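Below you'll find the structure, written out as structure tokens, and then a few comments.
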């Protein structure tokens, strides 16, 4: 079989599958709506999270550990601690605030007369350490313990409750997204499978005659796979339209909720690359469901034979 002939077979299968859908507009529309509803919720949640990055960014800020050197620590001691912290791969960022810088900031915020009454500079050198964003609360505690054991470090402070709360929020969002994506993806496959199965049953005699005439399984399966492809494309388009409508509907309500707190939602729709991924993923799910349905029917035919 030449490449041109093989290509023409696929083009003809795609055209016949599209015509088959257009012959039953009402049934096709119901199927598209059913498939679109199955994917609208995870897509809309993704849009909501991406649009709300300005708000979620405040929750995603990594917790920090403030390290206080001893007041008697020399510059060489601070340099040693800085070197040790820099070599620690668990840390994402290290900021040093020298005692002189701290005193200057204190002078700008307090009365000069009060500062002049101080006997020397009572402030220590300070390091503000930001661990890697993926650090768990248990790992944060380990980092905290290791830092307090460094030479000439007097103490360190960390908001352990905020670390735990932040981790739980991020884990909750991540698990909800995975759960919705998995369950609704499975629902989409099952709906596509059932839709193609009904199409196969409606053409059962035609398929069995074709099989008896010696047609290969790929020839029988091909039009149904393309039918699933067209259904996936159209249902994805309907779902994206629903997402756009939902976005415009909830936008004023959400803005009204966050406006008193000075929080602005950066609303957006899918980028071109994201649209390509959505269509590709949905087509893959639909074709997989159709493949399962056709394979099941062909196996049943072999068993009867």
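Cβ from N, Cα, C; glycine included.
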Which one of 8-28, 29-49 shows up in Swiss-Prot as transmembrane segment?
29-49
In Swiss-Prot, residue 7 and residue 258 sharing a membrane side:
no
Per Cβ pairs under 8 Å, the stretch of 29-49, 176-196, 269-289 packing most closely against the transmembrane segment (230-250):
29-49
When the topological domain 'Cytoplasmic' (197-229) is classified with DSSP, how many of its residues are helical, how many are strand and how many are coil?
28 helix, 0 strand, 5 coil
Please give the sequence-distant neighbours of the topological domain 'Cytoplasmic' (1-28): residues at least 6 beyond its ends with Cβ less than 8 Å from one of its Cβ atoms.
199, 222-227, 229-231, 234
Roughly where does the topological domain 'Periplasmic' (50-175) sit in mean pLDDT, to the nearest integer?
78
